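The following features are taken from Swiss-Prot:
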BINDING   Arg37, Glu38, Asp42, Arg150, Gly151, Gly152, His153, Thr154, Glu174  D-ribulose 5-phosphate binding site
BINDING   Glu38, His153  Mg(2+) 2 binding site
BINDING   Glu38  Mg(2+) 1 binding site
SITE      His136  site 'Essential for catalytic activity'
SITE      Glu174  site 'Essential for catalytic activity'
Amino acid sequence: MNQTLLSSFGTPFERVELALDALREGRGVMVLDDEDRENEGDMIFPAETMTVEQMALTIRHGSGIVCLCITEDRRKQLDLPMMVENNTSAYGTGFTVTIEAAEGVTTGVSAADRVTTVRAAIKDGAKPSDLNRPGHVFPLRAQAGGVLTRGGHTEATIDLMTLAGFKPAGVLCELTNDDGTMARAPECIAFAGQHNMAVVTIEDLVAYRQAHERKAS
């Protein structure tokens, strides 16, 4: 990742800490991966605190594929089958079947309905019958071990939520440009500045976790 673009957001470790602060303050975070991977920026929000306004922003400026990142334990708790048995996508993204809250929604498409679905999936004691399938929210199963196992936005989201003190569940959506093309780092950074979001890279998070795990050992 071009460090010059990111310099105004501090050092890699400072960027992670600022991202955690943003999440705790109820703000979003822009998570960038490497130029040689997807080369995309994802808007992420804690599943516990995401507002209807934030969901509307995500739908308006994102790809439209609003995803709920969850752990394998939560996937099993909700009895959500993986979308396919043989995942042949380029990066092995762990989509499950799509979901909708069983109660409290209309068509499931609106920002409010999608927030209701997210809350239904992550609440304490959530059970399979709390969700209908299919729906308009796309759960993503994160790999155990987070970004140290797989350097994806899904794992980064779970790691950031955990480090910030939230349940291991977060909402993400890829940022797109107004013409429908994918936003790259310069556009993602500009958007984050306009919407008071912190910016962090997956590379930053890997280094941060590695350093803290070395200290712990």
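Even glycines carry a Cβ here, placed using N, Cα and C.
Since this is a predicted model, take the numbers as computed values, not measurements.
The separation of His136 (site 'Essential for catalytic activity') from Asp42 (D-ribulose 5-phosphate binding site), Cα to Cα, is 18 Å. Fewest Cβ neighbours within 10 Å among the binding-site residues Asp42, Glu174: that distinction goes to Glu174.
For the pair His153 (D-ribulose 5-phosphate binding site) and His136 (site 'Essential for catalytic activity'), the C-alpha distance works out to 20 angstrom. Separating the Cα atoms of His136 (site 'Essential for catalytic activity') and Glu174 (D-ribulose 5-phosphate binding site) is a whole-number distance of 16 Å. Mapped onto three states, the DSSP output places Gly151 (D-ribulose 5-phosphate binding site) in coil.
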